[in-house]
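Enquirer: This is the structure I want to talk about, given as structure tokens.
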């Protein structure tokens with residue numbers, strides 16, 4: 001491995017040192033191989049960036065009446081209500097226990113409407129049945145709870161979600177008629193946040209207990225609330241008050257085993273605004289991932305769509321994939337989940353359009369950015385970490401150099417990558433990115449990429465880059481014997497002779 005090779009070269013320069021000296025150098029070497037900026041290790045071995053598909057495409061056929069090519073996705077799951085035993089399981093309000101909410105369209109109260117009025121035990125009993133139904137076996141996968149009707153932080157329930165505040169205040173006033181409105185509001189806030197916290201925590205704890213191999217988390221958590229992209233001077237940053245509120249949700253991050261922020265785009269966002277929007281949301285999620293334990297951060301999987309939220313039949317262009325996928329990879333997240341509805345798969349024509357989009361734009365870009373990320377990880381981190389932007393707010397991306405690589409779709413529907421990296425390509429990685437170690441490992445960033453002899457990286461379905469950067473050379477013998485001066489050789493032979501006499505004397509005793 002790279003780290004072992006580094007140590008071997010390091011020590012070869014000190015062949016004539018004493019054992020004590022080597023111990024000292026070993027001790028000094030260890031700290032330089034550590035880093036304080038850890039990333040979550042891969043969920044699947046040798047898959048540093050994971051792609052998941054969470055759309056109802058199971059009945060969609062492409063050209064030649066064949067299923068859509070899902071070979072690049074490690075986890076696949078349909079959000080349809082009757083789909084079970086999937087790689088991605090998403091729980092909506094009607095699929096996990098008795099989630100209390102007020103219908104935003106009809107105003108109908110469901111399960112008491114607010115968390116203070118639900119029986120937590122009844123909810124957990126029902127949730128247990130739902131979990132075993134949707135997850136009959138505990139295979140590795142994602143468990144995403146999508147409850148968006150109310151937010152556990154009181155202050156974040158602004159219009160139209162202020163109905164949950166009003167209903168909570170009314171409940172307190174009914175039970176405590178002597179309280180003023182100010183007093184009732186404060187008490188309602190405390191009761192709502194406690195009940196909401198208990199509801200979310202106990203639900204996810206039950207999920208982890210029953211299906212521990214799944215990655216449990218809540219969709220849209222954490223959120224940045226940086227939606228003000230139409231205002232002048234928009235820079236995408238999260239408001240300080242929202243960062244503080246995310247800090248106050250440490251109880252939720254402590255129980256989660258994954259984070260699922262959202263980076264959906266709409267057509268109202270300019271290219272610059274879209275980039276800044278996504279960049280800051282992913283960055284905040286990565287910051288939050290370290291709140292439970294900075295040395296063992298949670299994996300971050302960004303939920304995205306391949307269409308716009310306000311034009312659900314318009315696919316993202318390659319540039320817009322850069323704003324979403326490219327940003328997420330370059331910032332060091334663990335993966336992306338592509339979510340979708342039946343809208344882009346409702347007919348044979350729409351399925352063919354999706355199939356063509358995947359062949360010509362989506363899958364080639366996934367191959368591009370994934371191979372570039374793996375190549376950078378192999379060169380800079382010896383595959384024991386991920387490459388992260390040195391300047392998080394730059395537009396540096398992990399992409400294959402188009403002058404040196406071509407991604408092609410062969411006749412059989414299989415992608416191939418032609419070309420090989422140059423030393424200049426690797427130097428670009430080193431100039432723009434640094435190595436962030438996985439939390440389970442200690443690693444050393446390669447000091448000089450010029451020492452790279454070869455690159456050998458693959459992703460799903462055998463799509464690989466396998467190339468020598470230097471011509472193979474014959475193994476050289478240690479310089480101490482062949483390239484030493486006569487005086488050095490004499491001294492060496494003298495030392496060897498003394499050692500031989502000592503060993504012989506000990507052996508004869």
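Placement of Cβ uses the backbone N, Cα and C atoms for every residue, glycine included.
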Enquirer: Of the residues 166, 483, which is given the N-linked glycosylation site tag by Swiss-Prot?
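Expert: Comparing 166, 483 with the record, Swiss-Prot tags 166 as N-linked glycosylation site.
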Enquirer: Between residue 437 (disulfide bond) and residue 381 (disulfide bond), how many Å separate their Cα atoms?
Expert: 7
Enquirer: What Cα-Cα separation, expressed in whole Å, is found between residue 351 (disulfide bond) and residue 82 (N-linked glycosylation site)?
Expert: 21
Enquirer: Would you mind reading off the Cα separation of residue 254 (N-linked glycosylation site) from residue 376 (disulfide bond), to the nearest angstrom?
Expert: 31
Enquirer: Quick one: pull the CA-CA distance for residue 376 (disulfide bond) versus residue 464 (disulfide bond), whole Å only.
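Expert: Checking the Cα atoms of residue 376 (disulfide bond) and residue 464 (disulfide bond) gives a distance of 14 Å.
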Enquirer: When DSSP states are folded down to helix, strand and coil, where does residue 166 (N-linked glycosylation site) land?
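Expert: In the DSSP reduction, residue 166 (N-linked glycosylation site) maps to helix.
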Enquirer: Give me the Cα-Cα distance between residue 238 (disulfide bond) and residue 393 (N-linked glycosylation site), rounded to a whole Å.
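Expert: A Cα-Cα distance of 13 Å.
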Enquirer: For residue 235 (N-linked glycosylation site), which DSSP three-state class applies?
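Expert: Residue 235 (N-linked glycosylation site) sits in coil per DSSP, no helix or strand.
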Enquirer: Cα of residue 387 (disulfide bond) to Cα of residue 60 (disulfide bond): how many Å, rounded?
Expert: 36
